[in-house]
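Pulled from Swiss-Prot:
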ACT_SITE  Cys132  active site, acyl-thioester intermediate
ACT_SITE  His245  active site, proton acceptor
BINDING   Ser13, Gly14, Ala15, Val16, Arg41, Ser42, Ser162, Gly163, Pro187, Asn317  NADP(+) binding site
BINDING   Arg101, Lys216  phosphate binding site
BINDING   Gln159, Arg238  substrate binding site
Amino acid sequence: MSQEFNVVVLGASGAVGQTIIEILQERNFPIAKLFPLASSRSAGGTVSFNGKQVEILDVDDFDWSQAQIGFFSAGGDVSEKWAPIAAESGCVVIDNTSHFRYDNDVPLVIPEVNPEAIADFRNRNIIANPNCSTIQMLVALKPIYDAFGISRINVATYQSVSGSGKEAIAELAGQCSKLLQGLPIEPKVYSKQIAFNVLPQIDTFMENGYTKEEMKMVWETQKIFGDDNIVVNPTAVRVPVFFGHSEAIHLETIQPAEAEDVKAVLRDAPGIELFESNEEYPTAVTESAGTDPVYVGRVRKDISHSHGINLWVVSDNIRKGAALNSVQIAEVLIRDYY
């Protein structure tokens, strides 16, 4: 990996963009020049990279032929406009929005699960990063899928407000402060109060009664595993936590498996930190926030189903759920395919 690359981070002023830049630095990604980009509203500010302040440039004025790799995290509309332009200019786009995820000719990649899919990046010079809730679930389920097969996934998510952006973080903090002082609140980011509450809606409702967030987990699981026979039944819930998503997962395996069998395949799996004791378990706040692993605990046999396994999975949605996964894709790209 002696070659260095000119790298774009589009959405550099946002939470995911800033974290991508931090992770690029932490992991010593071989960068010749970093181009932080944003809309004209955010251009002119700076980001810190390798001990220097780097100016955020206006995407409208950028010459894409200067870049070899681009990380996009500025929203689907921005990716729709700029990703094809960047890709046609020779920049490989790693897109963190949902815009390209369901296109058949765009690989949807979790490096611990299906790194071989990156080989298809030249179809359009675009690689899609999956949804945060899908990433942590499939990192945890891949070893189980390989060892025993999976026929059905029931999952309930408990997703932090950072998944909705900086405004949602501020809204939760502000509501908590006001309510503790006995002051009224006015929800803006969410349709209902989020402080001291849980909301069984993430994204818009679809005709089948599921939300778009829930259906993302269905579509993405089948595409990433390359298995349309897996049945996925999700309920996605927003909870008053700042960072880190949690998931209660109830599996039905094709081959029967005991809890100890499942722990054995999870123990040394890449990207996973396993909590084996019943008395110890990971949480979003105490383990996942600000860290990279996918944490798995409460692995147990389902007492209601002979092929059932239950587990609890938590991960930082901004890091592994978005920024880290994007950088890991780029690492595999330059190591094996560039």
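Easy rule for this one: first residue shown is 1, then count along the chain.
From the backbone N, Cα and C atoms, a Cβ is placed for every residue, glycine too.
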- [ ] Using Gln159 (substrate binding site) as the reference point, find which of the binding-site residues Ser13, Ala15, Arg41 has the shortest Cα-to-Cα distance to it.
- [x] Ala15
- [ ] Consider the recorded positions Cys132, Ser162, His245 and say which one has the Cα lying nearest the Cα of Lys216 (phosphate binding site).
- [x] Cys132
TODO: Pop the Cα-Cα gap between the residue listed as 'active site, acyl-thioester intermediate' and Arg101 (phosphate binding site) into the table, whole Å please.
DONE: 13
Open item on the list: With the NADP(+) site defined by the record as Ser13, Gly14, Ala15, Val16, Arg41, Ser42, Ser162, Gly163, Pro187, Asn317, how many Å span the farthest pair of C-alpha atoms?
Closed with: 26
Open item on the list: Looking at the recorded positions listed here (Cys132, Arg238, His245), whose Cα lies nearest to that of Ser13 (NADP(+) binding site)?
Closed with: Cys132
Open item on the list: Under a three-state reading of DSSP, tell me whether Lys216 (phosphate binding site) is helix, strand or coil.
Closed with: helix
Open item on the list: To the nearest Å, how far is the Cα of Ala15 (NADP(+) binding site) from the Cα of His245 (active site, proton acceptor)?
Closed with: 16
Open item on the list: Using Cβ atoms only, which residues of the same chain lie under 8 Å from Arg238 (substrate binding site) while being at least 6 residues apart in sequence?
Closed with: Gln159, Ser160, Val161, Gly163, Ser164, Tyr190, Ile194, Val198, Leu199, Gln201, Ile202
